[in-house]
Every structure is written in C-alpha cells, then in structure tokens.
Amino acid sequence: MLPFALGFLIVILQPSAGQFPRVCANMQSLLSKECCPPWDGDGSPCGELSSRGSCQNILLSQAPLGPQFPFSGVDDREDWPSVFYNRTCRCEGNFMGFNCGECKFGFSGLNCTERRVGTRRNIFQLTTSEKNKFLAYLNLAKNIPSEDYVIATGTYTQMNNGSNPMFRDISVYDLFVWMHYYASRDTLLGGSNVWQDIDFAHEAPGFLPWHRAFLLMWERQIQKITGDENFTIPYWDWRDAEDCGVCNDEYMGGRHPTNPNLLSPASIFSSWQVICTRSEEYNSRQALCSATSEGPIRRNPGNNDKSRTPRLPSSADVEFCLSLTQYESGSMDKMANYSFRNTLEGFADPQTAISNPSQSGLHNALHIYMNGSMSQVQGSANDPIFVLHHAFVDSIFERWLRRHRPMLEVYPAANAPIGHNRENYMVPFIPLYRNGEFFKPSRELGYDYAYLQEPALESFQDFLTPYLQQARQIWAWLVGAAVFGGVVTAVLTRHIRACWKKKEATSSEIQPLLIESEDYNNITYQSNF
C-alpha cells in the first residue's frame, strides 16, 4: 500500500507550468541544447524505463509564416524553443510534463488512465467559504516560490550562447505574469531598435488556444501548491454589466478612499507588487523584464477613454460574435474581417465584425475599462481579475466550438503571423504544446463551464445551429436535385408507358428490351465553417 501511495503522490505533485525548468536552467543543458530531465518515479530521463516517454529531437513546423515579422534569427522565440533546446521529452499516451511525470489535462491516476472533468463556476455563485478559499489561493501563489521553474533575465546572446546562464527564482503567480509578458514583448534588435509588431499570444489565431493552455497550467499549479485537486478557476460573466461587479473588497479589491487609481487597503491585493510593466525601459536598455517589483496594482474601472471603449460588452455583442462561422480570415491578424477570433479578441466591431483597431470590443474592452495594470498588454496578468476575465472569454470560445463543431483543419496551418500556425509550439511553454492541441472542446481537456451544462433552450439551439447552417448552404442544391429528379421521373414514366403500348401491339415474336444503366455522379457537399 505504501509504494502505491508514494507513486500516486509522485504523479499528482509533478510540475505542470511552463517556462524554463529549473533542472535545465544551467550551462550544461544550454550548451548541449537538451532538456530531458529524469522522472523521479524511476530515475530515467523522461521516465523512459517506465515507458512514459523518451528524449527526442524537436520537430519544428516548416509551414510558411505571414509577412508581419520580416526578420529571421534575431529573436529567441523564433522556432520555439530551438534557440535554447533542440531535444526535449516526448511523452507517450496520457503522460505529459517536461519529464513526462504528470498526466495530460483531463486525466489522473497512477497511470493517467482516469478521466477527470472539473467545472468552472461563476464567481458570484461560489459560497462565501469557496470565494474566500479562492482569494487565499491567489495570495498563496503570489507569495510562494515556484519549485520547478525559473525565468530568464537575459537573451541567449546575453547569456553568451549558454555559457553564462541568466535565470532567477520567481513566485508561482508571477511566473505566469512573466510568461504573458515574454510571449507579448517586443523584439530587441540591438542599439535602441525594437520591433513592436510581434506577439506570440495575441492579435492572431493562437490568441484563444494560447490563453486556454495558459489557464489550464495556472489552474494545475494552484492545485499543486494547495493540494486541492478539485480546484477550478471561477469566471466573471461581464455581459451587460453596468460596472465592475468584482471590484470591491469582498472580491477582487475595491477603490482606494483617497487615490482612485489604487486598491482599497482592506483588500489583500493592495499589498501586491506588479512586475514587467515598463516595456519602454526594457527596450531602451535592450533587456528583459527581470521580475523586480514595480509598484502596486493600479486600477480605476470605468474612468477609461470612452471614445475607445464606451461601455462593457453586451449579450448581443457576444451572440453576434458566436454567429460568425469563420474562425480566422484574411491576414489573420488584428485587421481580419468576419473573423470570430478577431471579433472576440476585440479588434473587430462586435456588431459588424469589421476590423477597427481604434475601438476596443469584447475581450479588449474589459482590459481598457479597468484603466490600470490590466490595460497594458505585457503586464496585464498582474491584476488577478485577469484570470476571471479570461476564463469567461474561454467559455465564449467553448460555446463557439460546440455550436460550429469545426474540424482541426479549420485552424490555419500556414501563413499566420509568427508563432501562430497550427503546428507551431506555443511561446514560452516547456513542456511543449502546439496551438492546434487546444483547438478542441474543453471537456476533452478536463473541464467544463457551469452555465454551459444547464439544459436550456440555448444549448439545444447551439446543437442544431451547425446542421441548419449546412442545410442553408446546400438548400439550392437540394431544390435543384428535387426538380431534376421530378423531370427524370416524368420522362422515364412516359417512356415506359410508350414501351408497354408498343409491346402489346407487336406479334408473338418479342424482342428483349435493352436498358442501358446510367452512372450518376455523387455530389459531395462541403461546409466551410
């Protein structure tokens, strides 16, 4: 019984977040470009002795990229993670992790064979005890160091190509703030030059899959540090909200009594320090964010630029967005029209789906509305409202997946902005995940949303919608086929009657009636989601 219990603990306590695994943040690993740590369960690299995985060369996508990034070989994030490592653990079956020591999302148990589906709930439907526990978990994550991961404080070149490692410790919560910064930071070109039109987590097809993976890893880290395997991220349903309903001391922190840009001293979040918010300073020094404290969380909800974001999103905005059948379109960036992704992200008008980057809708509207730390992309995850907000954005993505049931091929395989093709690895996650791996229903990844489980008319409508859309697409063909079939039937009937009359009129010497068989072409109807 004891060995079984120990084995079970080894499985559930394995690392699951992503950046630089501590065991690979050293000169030997960087110079050899190999990150294949041993699994504690058997001591072999990637748990190979237990058939969990093996150390393999990284297989990079060769699909062409879009024109948005006109450089090559200047950014550590290109062809992630090959600048740092070209050999990592490739896990088998339901195993996952930088050393194949954990279970894939949605699985648990000693051999990762048990399916698990957690339910994310509306934060306002949590009991007082559940809500207080969530707040305590957030504060714990902010103050406990990550055991398994460190962050890079310099580029690979600044590390002298690996011979001078530059890494530092970071708290569990700030690890995720830093990852969000690192994925969206500018490219450092040397001198005082930077390239800003680059983002591995936003403004392109990977926006929704990237944040889906991000939340899953964050959720699992909370489960790990608290020992609460049943923890799930709550969401804030902001549709039709007149103000920030979570911006009070009972939830995510109220307004400071004398400084409207700060949080109330009664909130535990008022003592939090932000990191990675000074992008212009980093760019001028050609440096990375080193995760040093940069002051308190700033938030002044509702006092934002009304010309850009006049109101919070409405239910009608969400419903229109869900009606869009194309996941991605055109240039596949923030200028894309009639794109579900671009409309949900907020660069296209939520009433027309026409790109308008000067306005901020849906997802972007919430960030601008918060008018503080949340409103600057690279440092937006500093505000814990970020988690609640993105959980609800992910639920809208989930509704679209259930309504339209797209095949994986709907996600662009080529010509998307750098890092966003289907087979590209997501920056900066280690273990490695491809964008396409998270373009699937949430239940396959081990979670669901409470409001999507309710047997309402809306869910039945969502079920029927894709079939009705396909019927509309082929309706003209069906009518044409019916008319054609009627004409053919009439002609054949007339021909047969004429033949019978001729037969009755002939003598006893009857010639056999020869009928040629006709080949009918099969018509294939394709629905373009």
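Placement of Cβ uses the backbone N, Cα and C atoms for every residue, glycine included.
Residues or ranges marked as signal peptide by TrEMBL: 1-18. Summarising the annotation, TrEMBL assigns domain 'Tyrosinase copper-binding' to 202-219, 383-394. What TrEMBL records for 287-313 is region 'Disordered'. As annotated by TrEMBL, transmembrane segment applies to 474-493.
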Residue numbers, six or more beyond the limits of the domain 'Tyrosinase copper-binding' (383-394), whose CB comes under 8 Å of its CB atoms: 120, 123, 138, 208, 211-212, 214-215, 218, 233-238, 244, 246-247, 252, 269, 297, 299, 344, 362-363, 366-367, 370, 372-374, 442
Integer mean pLDDT for the domain 'Tyrosinase copper-binding' (383-394): 98
Secondary structure content, the domain 'Tyrosinase copper-binding' (202-219) (per DSSP, counts of residues): 13 helix, 0 strand, 5 coil
Secondary structure content, the domain 'Tyrosinase copper-binding' (383-394) (per DSSP, counts of residues): 10 helix, 0 strand, 2 coil
The region 'Disordered' (287-313): DSSP-derived helix, strand, coil residue counts: 0 helix, 1 strand, 26 coil
